[in-house]
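K.L.:
Pasting a structure below so you can have a look.
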């Protein structure tokens, strides 16, 4: 996948286009493997704990520090830091860039360490605010204890966000993409081995310890790559540097904008406790499947294009920035619209295949597949939102998407509160769907005004129509093939793998053929890249 078309007069050099294509492909593959490992982690955990109240306690205990992380660290810090760091490097001010990063690292340790200590000491007061009436004293106590184990990840992920931002600026994406794969593997190993040291619901502590250790390993992997890209840490605490203030000015709206994404999840989980003590875990389990295509495709495209968008913004090249962003949007649509279509029609078979074993029974499958069905509707919109937000961040104009994100949060809460009683879990997820659609429309409108020109809307609409037609065929073929094989083979694990796999595989072949036949440019771009690589290997 490339960020520019070959015949565009404003395109970067062929070498840069090839690097973008290679980096996106590597990031997609590595992230895909990480998401698969994440699903394996979820499968293992679900087989032990199902959708029990204890697992819901872990879900909320993890989401609260994860929300704090999104507000003060990781992606928010990286999104604010990369444009400033890139601008310094573009001006050949490497020493100043290194001092900026080093000072930020020390600030992160001090500030996030203090925040973590406050949350650990105050967990007994804070955590019950996020649980409902279906959580008894035992589940509340478990939630508090698990959160105290998990809160230190805030400091580790804060440092990781800074380190990954440095690596991405130097167009090194491989280790940051592979590190989450190792993170998942560490958690799986610790969970399997560590359960034997606990009894009953206390076994959830093995999961929490695994998350903490996995996060430490993930950070260590990224830090080890810094010398390879030429970065040298400086023991500097130049907190009066104007660029430190610039990063934090950018970080405030970015923090709010990205934090709201995680706050949406926390809202769903908290409101889910009003439905049942199973609902928070069911929503989270559906979200894990939903994030597989999201992470493989839209996160990959947005992450790889972000430094390029920041570079165009620093050079004031709005033509190149518009074209890169529009191409990225079409790439996301090409990959996520069919993913949404096939998940819509196969939500229950996919959920059954992934989760239904051990303590995860048919009732759990029904709950999770209902949430997954509605999550899939928002899949392409959520992916586009990620790239559009990064475009605003690259322009150092983050307040508009932040205001929209706050508005979408309000929409989510209103719709969820209106629908959770009559529709249960489905009503909660529909709130997320509606807010994502509204966010996409608002961001596209804002960028069109900000960039003073077309966002290649006609070309994008033309491509999306053809993609939707091909995706409808994909969904129909996938369902009919699955239905026939499911009826013939039954529902043993091997039979489910064959029926779901053949359904998706056959539908995908029809989709690829239709996309190439209808000459969707981004589809042909990917085809040429793959065909070219295969041709070189044969030679």
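Placed from the backbone N, Cα and C atoms, the Cβ positions cover glycine too.
In TrEMBL, annotation is done automatically, which means it is predicted and not curated.
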K.L.:
Which one of these stretches, 77-97, 287-307, shows up in TrEMBL as transmembrane segment?
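P.N.:
Within the set 77-97, 287-307, TrEMBL attaches transmembrane segment to 287-307.
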K.L.:
If I go by TrEMBL, the feature transmembrane segment sits on one of 308-327, 328-347. Which?
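P.N.:
Within the set 308-327, 328-347, TrEMBL attaches transmembrane segment to 328-347.
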K.L.:
Select from 37-57, 247-267 the stretch of residues annotated by TrEMBL as transmembrane segment.
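P.N.:
Of 37-57, 247-267, TrEMBL gives transmembrane segment for 247-267.
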K.L.:
So are the transmembrane segment (367-388) and the transmembrane segment (287-307) touching or not, going by 3+ C-beta pairs under 8 A with a sequence gap of 6 or more?
P.N.:
yes
K.L.:
If you count every Cβ pair below 8 Å, which range out of 149-170, 287-307, 400-419 shares the most with the transmembrane segment (425-447)?
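P.N.:
Out of the listed stretches, 400-419 contacts the transmembrane segment (425-447) most.
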K.L.:
Would you confirm whether the transmembrane segment (459-485) and the transmembrane segment (101-129) meet the contact rule of 3 or more C-beta pairs below 8 angstroms, pairs 6 or more apart in sequence?
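P.N.:
Answer no, regions not in contact.
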K.L.:
Counting CB pairs under 8 Å, which listed stretch among 149-170, 204-226, 328-347, 400-419 touches the transmembrane segment (287-307) the most?
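P.N.:
Highest pair count goes to 328-347.
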K.L.:
So, do the transmembrane segment (328-347) and the transmembrane segment (497-516) meet, by the test of 3 or more Cβ pairs under 8 Å (sequence gap 6 or more)?
P.N.:
yes
K.L.:
Based on Cβ pairs under 8 Å, which of the stretches 101-129, 177-198, 204-226, 400-419, 497-516 lies most in contact with the transmembrane segment (149-170)?
P.N.:
204-226
